[in-house]
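What TrEMBL annotates here:
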- 25-45: transmembrane segment (TRANSMEM)
- 57-76: transmembrane segment (TRANSMEM)
- 107-131: transmembrane segment (TRANSMEM)
- 119-248: domain 'Peptidase M50' (DOMAIN)
- 143-167: transmembrane segment (TRANSMEM)
- 187-213: transmembrane segment (TRANSMEM)
- 234-252: transmembrane segment (TRANSMEM)
Amino acid sequence: MNFRQRVGGRGAFDTRRSGHGTGRISTVFLGVVAATATGGVVSWLSSPSSGGTEPKFAVFVFVFGLYFTVLCLHEFGHAYTAHREGDTSIAQRGYLDLNPMRYVNPVLSLLLPAFYLIIGALPLPGGAVLVNRGAIRTKRGAALVSAAGPLTNIAAAGISMALVSIFAKTQSFGTVSWIDQAQPHAYFWMGLAFFAYLQVAVAILNLIPVPGLDGYGIIEPYLRYETRRALEPVRQYGILIVLVLLLLFPPVRDGFSTLVNDILRAGQQPTEGAGQGQLLFQFWRSS
């Protein structure tokens, strides 16, 4: 999500400090990575013949852990780029340590994404980095700060799609009965296919040019001051606007789903595999 801005004059941002960075990778982040890796290993070693809920729960840990890891990298991308572009307060706030507790908003980063994943909907982008925009030297730099986050999601989507595509070319992947065929490491690959789907969707959501999202942050530096000022009140409602459009307007929702699936097909993704991965992720619904 776009870095947060305090409503005020030209380029006025909240500059309160929340701590100092240590220059080390946060142990909290390393713990998330370790849990994700554990879920990935168990998913890799599991098969449909294993039965029970535990292997499916491992897919849940694997996919949600990957999602949360990329969320941290997304916010780190904003922070690191802002630091390089002139905002020295970034390091003072500890944003360069990859500590998720400094990035996350408990509601936007955890509760809402978890809720939407649980009910089978898309996770909304979350997290926030406070940037002193007045310290950013150029308009290009300000645009890059906003672009750095979605580029992380695009990279994650590209890597996972490439891996799944390579696997799909060597296996009978993407049929309704694929799990019954007990393909090697089936749970792992279907979980990764679902993760790729999520990252494509999150990247698109982030790039929508609505105030409060990164897509708007990319173009905002090039807008007239009067335009930015007029749109400022919309910032706090931007994500809500997107949510309402996706939930209550079928043409918008269908168009969004079509775009996501078109990108997956262009990346030679077996979309049925992503659907099966979602069923595994929702282990509480599986038999």
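Each residue, glycine too, has its Cβ placed from N, Cα and C.
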For the transmembrane segment (187-213), which partner among 25-45, 143-167, 234-252 gives the most CB pairs under 8 Å? 143-167
Using Cβ atoms and a strict cutoff of less than 8 Å, what residues sit near the transmembrane segment (25-45) while being 6 or more residues removed from its termini? 54-55, 58-63, 65-66, 68-69, 72, 97-101, 185, 187-188, 191
With DSSP as the yardstick, break the domain 'Peptidase M50' (119-248) down into helix, strand and coil residue counts. 92 helix, 1 strand, 37 coil
